[in-house]
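What follows is a short report on a single structure.
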Amino acid sequence: MLGLPWKGGLSWALLLLLLGSQILLIYAWHFHEQRDCDEHNVMARYLPATVEFAVHTFNQQSKDYYAYRLGHILNSWKEQVESKTVFSMELLLGRTRCGKFEDDIDNCHFQESTELNNTFTCFFTISTRPWMTQFSLLNKTCLEGFH
């Protein structure tokens, strides 16, 4: 029995179509994984300096004699806006035993008290070009205590 001339070609075309879609799916998955990895690297590289700027700004604007330092990063994310990176973060800040104008507040112990006024939960939005050490505070909202 004679087969149709395109019958073998059709099965090859179908095979190529199926394999082609698998290759595209693998490429899309790899691209997504790479993008997630790049996003993680940017956060790991630039978030610490941005958090430091946020805490420094909080201390500069605070009327309290005592310095506050980072207790925990509660949440953070990054957005790209034109040529700037914008970090949004929710931080738990604790009052230390050191004055805010002392040299090494990073090593100051937290004040030990059950009073809520020893901590602040703050939401910061900071526009930055961290590779140029440029930071700009866009928003700061703080509430006393842990929320």
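Just so you know, glycine gets a Cβ as well, placed from its N, Cα and C.
Taken from Swiss-Prot, the feature signal peptide covers 1-28.
Feature annotation from Swiss-Prot assigns disulfide bond to Cys98-Cys108 (among others); the stated evidence is similarity to another entry. Take the CB of Cys108 (disulfide bond) and look out to 10 A: across all protein chains shown you find 19 other CB atoms.
Under the heading N-linked glycosylation site, Swiss-Prot lists Asn117 (among others), citing sequence analysis as support.
Under DSSP, Cys142 (disulfide bond) is assigned to a strand (E or B) in the three-state scheme. Neighbour list (Cys142 (disulfide bond), Cβ cut-off 8 Å, at least 6 residues apart, same chain): Phe58, Leu93, Phe120, Thr121, Cys122, Phe123. According to Swiss-Prot, the disulfide bond annotation covers Cys122-Cys142 (among others).
Sequence annotations record features per position, and here Swiss-Prot assigns N-linked glycosylation site to Asn139 (among others) based on sequence analysis.
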Quiz item: What is the total of other Cβ atoms whose distance to the Cβ of Cys98 (disulfide bond) is within 10 Å?
Solution: 20
Quiz prompt | Local Cβ density at Asn139 (N-linked glycosylation site) - other Cβ atoms counted within 10 Å | solution = 10
